[in-house]
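The following features are taken from TrEMBL:
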SIGNAL    1-19  signal peptide
DOMAIN    59-168  domain 'AP complex mu/sigma subunit'
Amino acid sequence: MSNLSLYTVTALLILDADGQRVLAKYYNPPHQNTPGVGIASDLGVGPGGPGMGGLIHLKEQKAFEKSVFEKIRRGGGEIHPLPPHLIITRTIVDLHFIIVGPLSTSNELMLHQTLGAFADAVHLLLRGQIEKRNVLEGLDLVLLAADETVDDGIILETDAAAIAARVSRPKADTTDIVINEQTLLNAYTSFRDKVSQRIQQL
């Protein structure tokens with residue numbers, strides 16, 4: 001059965017060089033109370049997909065992250081099958097950026113594009129300083145970038161610049177008016193002169 005749903009991402013992870021969690025977002029379709037039942041299964045997401053169960057509790061997630069790290073550590077490129085999941089990785093300095101989808105129905109190119117966009121957006125937001133310490137310091141921006149990239153297992157954006165633009169704080173206006181004693185005195189003097197001219201005209 002083909003995946004007719006938009007729910008294509010099971011998890012978005014960042015692990016450090018020791019396999020410890022830096023960021024982890026596991027996705028389930030909204031309004032789904034029972035794993036494996038509802039929208040995701042009706043649309044054929046397939047085993048290992050968002051909302052299909054198996055990665056709901058923290059203990060399951062930690063065990064999964066450990067097996068993912070072991071798979072990455074053995075090497076073998078960026079795409080790793082770990083039934084029933086497909087894992088796509090990108091390593092930058094001391095961090096592993098990971099996206100997880102269902103093995104049976106995933107579009108590897110789309111997942112790879114999504115992971116690349118997320119990692120590049122983080123690169124832009126942290127001004128090229130992608131290390132564990134910097135990611136933890138800018139975790140608010142990284143989490144917002146993750147939310148702008150994937151929501152409830154649905155890929156929202158694959159353009160790193162667009163993600164970074166939505167997340168980054170707007171720059172301060174360079175034409176800010178500085179109010180100090182001198183500008184207040186100038187305003188008062190100008191107001192006084194205008195009022196005195198009006199009075200003299202009457």
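Just so you know, the numbers here start at 1 and follow the chain as drawn.
Here the Cβ of each residue, glycine as well, is placed from N, Cα and C on the backbone.
Summarised by DSSP class, the composition of the domain 'AP complex mu/sigma subunit' (59-168) is 58 helix, 24 strand, 28 coil. The average pLDDT the prediction assigns to the domain 'AP complex mu/sigma subunit' (59-168) is 89.
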